[in-house]
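Annotated NAD(+) binding site per Swiss-Prot: 76-89, 282-294, in sequence order. Per Swiss-Prot, the feature substrate binding site maps to Arg96, Arg106, Arg134, Asp224; the stated evidence is sequence analysis. Under the heading site 'Important for catalysis', Swiss-Prot lists Tyr141, Lys192. Taken from Swiss-Prot, the feature Mg(2+) binding site covers Asp224, Asp248, Asp252.
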Amino acid sequence: MTQEVLILPGDGIGPEITAEAVKVLEALQQKDNLDISMTHDLVGGAAYDQHGVPLAEETLEKAKQSDAILLGAVGGYQWESLDISVRPEKGLLALRSNLELFANLRPAYLFPQLADASTLKPEVVAGLDILIVRELTGGIYFGQPRGIRTLDNGERQGYNTYVYSESEIKRIAHVAFDAAMKRNKKLCSVDKANVLEVTEMWREIVDEVAKEYPEVEVQHMYVDNAAMQLVLNPKQFDVMVTGNMFGDILSDEASMLTGSIGMLASASLDANNKGMYEPSHGSAPDIAGQNIANPLATILSAAMMLRYSLNREDLALKIETAVSKVLDQGLRTGDIWSEGLTKVSTSEMGDAVVAAL
């Protein structure tokens, strides 16, 4: 049965890097009987320029009908002055909330060929392989009430609400425990239970869910310590699970341990493993249109899409092996290039991955 994939290139370097991932998927369609149909549409600033909103209703409808979504990146300088309600990022948030994509999976994996690219000593990061599971549709980013108000004395006050329900915590905990079971059966839950009641409850619920996974070794860590430990001794972690805001920050920190955010994929899943896949980096408007961006994170996001939503683990591994081969050949985009290696463009890197398939 043909599976429907919606391609949303977005803004900045989004169209360039997405084109390379599509190239790889097309090669798999031809050579490996990948039975998918790809449809393209707009999101973010590109959608705002055409429709006046960062996510058109018909695009959302297409997303709901798709088996998976591959997204480039959203945002850019030219939209920063817009009202917050129609900024490009709102298109991304709307997709996540409307599709109930509550689980964000961000691998921080260090390719051995790139050990020197990390700012940490090679011995600290060699063999690094962390999966951060972040709750994506609750917490302080979505809590109500929120806003900016003027008090009686004329002073302005900003306020947000940090809220999680028991069911929201349970379902993300299950995703994290399931991931841990498929990996090294180690889970670290990150909270701020010494200060925030929300995360005090988070810790209690993670412990309750843990009883269903007796084989998984569970550890709890305060977020400030977790941020420190990621730099001090990152290899102690395997799967980490945390709320929306802490996960946003920690996954970016973990990504830089690998030396290039241009290598890191991410998946956002619903309860049935339907998902949206995107690189962990942003839209990088400063290098857009120059054919120099690293497409590997997007290509690896396509691999995650094949693994989690399209049930083609064989083809996911095929892409990951091809990426590794290309790195072995010494090919690098500018962000991961160093002396003695071959610098290639965005499209050349995509072509090399296709050839390595």
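The count begins at 1 with the first shown residue.
Glycine residues also receive a Cβ, built from the backbone N, Cα and C atoms like all the rest.
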Helix, strand or coil at Glu80 (NAD(+) binding site) [DSSP, three-state]: coil
Cα-nearest neighbour of Arg106 (substrate binding site) within the listed recorded positions, Gly76, Ile84, Lys192, Asp252: Asp252
For Arg96 (substrate binding site), nearby residues of its own chain (Cβ under 8 Å, 6 or more apart in sequence): Leu136, Thr137, Ser268, Met276
Binding-site residues compared (Glu80, Asp248) - the one with the fewest other Cβ atoms within 10 Å: Glu80
Cβ-Cβ neighbours of Ile292 (NAD(+) binding site) (radius 10 Å): 18
Surrounding CB atoms that lie within 10 Å of the CB of Arg134 (substrate binding site), all protein chains: 28
Other C-beta atoms that fall within 10 angstroms of the C-beta of Lys192 (site 'Important for catalysis'): 19
